[in-house]
Amino acid sequence: MNALAATSRNFRQAARILGLDSKLEKSLLIPFREIKVECTIPKDDGTLASYVGFRVQHDNARGPMKGGIRYHHEVDPDEVNALAQLMTWKTAVADIPYGGAKGGIGCSPSELSKSELERLTRVFTQKIHDLIGIHTDVPAPDMGTNAQTMAWILDEYSKFHGHSPAIVTGKPIDLGGSLGREAATGRGVIYATKSLLAEHGKSISGSTFVIQGFGNVGSWAARILHEEGGKVIAIGDITGAIKNPNGIDIPALIKHRSEGGAVKDFKGADPLDKDELLVHECDVLIPSALGGVLNRDNAANVKAKYIVEAANHPTDPEADEIFAKKGIPVLPDIYANAGGVTVSYFEWVQNIQGFMWDEDKVNMELHKYMRSAFNNIKAMCKTHDCNLRMGAFTLGVNRVARATLLRGWEA
């Protein structure tokens, strides 16, 4: 099931549990605005190349729309639509004053030079600058984009609108980025995991973890788990997977990676078949790479006691049903990986105030938001007698529906 179908299905289930009016339900699903632009740039060899850029602005009932921009050869409108909708519910679950958006350009960033990427980013910004804004829609980095991409957007946008650091988040620190932003999604995943384990009388130290994906989120999650006494016994990424029953030395692995080594060639662990990774025995499984990795083909063999979704949409609905039968709690992506957007919100707040926080304050506030969201989700689970995913979805959808009704959506 693709991301859009799964997200819409979860939304409809939540709407049914909440007893939403069918007209309101339909209105909440339809995006506020979908933008599609052509971006033509001169390549370094002098030829012209055209790319298609998208921005889906899903909902702004609770505040400016917020969401990443991804550069990926498979950026298609359906996926962007699903992710924009997911951002609407995610920001509502985290209780930050945003709606959802998502964008992207269909390109392969690895095949473009830095100057080509810069030209592409600037042309894309020129095409959408009057449709985004500090109080309208605030982009952020996503797959294939980074702080440098945000710096180019900020610069290009500022040519039209004057110096506007709050137009994007995930910027370099020197241009108004927030301390703690880089680690935020991974750190949020760990705060979420702590809340879940505490609920079952367990803690990070003494528990075993398997992490799929060793990009920004996976590597920060692994690093913080290691610091807090958790044992990461298996890790895999696109190159392959490794295991060590006594716990992988995460700082050494990160050093190995920063020196250009592949995860699978790390000396302090044994090789593991990539397909075995997700079904490896452990306390907590943290998928933090791509969507749809837990599906009906492998869900029955998953041996983890808990699953924490650091990636977007890693669990198919069929797998969800299997986990429910097996009694494996799944902490859903719209809560578990909301640390990134929460610290993005802190960055935006700091930019608007023109007053920056220190890193301890950022992490303390993030902890507060993640803990409070977990308690609110548990309360929804209790009220509606549902699992964690529906608890999160009902919480998010209910907040957006209330805001929409209060603003007078039929007028």
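From the backbone N, Cα and C atoms, a Cβ is placed for every residue, glycine too.
Quick look at what TrEMBL lists:
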BINDING   K66, K90, S344  substrate binding site
ACT_SITE  K102  active site, proton donor
SITE      D142  site 'Important for catalysis'
BINDING   T185, N216  NAD(+) binding site
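Sequence features, as recorded in TrEMBL, placed on the structure.
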residue	record	Cβ contacts under 8 Å, 6 or more apart
K66	substrate binding site	M87, T91, Y98, G99, G100, A101, D137, V138, A140, T169, V341, S344, Y345
K90	substrate binding site	G100, D333, I334, Y335, A338, V341, G396
K102	active site, proton donor	R55, V56, H58, G67, G68, I69, R70, V80, N81, L83, A84, L86, M87, D142
T185	NAD(+) binding site	N216, V217, W220, A310, N337, G339, G340
Subject >> Neighbour tally for N216 (NAD(+) binding site), based on other Cβ positions within 10 Å of its Cβ >> reply: 17
**OP:** Starting from the Cβ of D142 (site 'Important for catalysis'), draw a 10 Å sphere and report how many other Cβ atoms land inside it.
**Re:** 22
Subject >> C-beta crowding around S344 (substrate binding site), within 10 angstroms >> reply: 28
**OP:** Starting from the Cβ centroid of K66, K90, S344, which together make up the recorded substrate site, report each further residue of the same chain whose Cβ lies within 8 Å of that point, ordered by sequence.
**Re:** G67, M87, T91, A94, I96, Y98, G100, A140, A338, G340, V341, T342, Y345
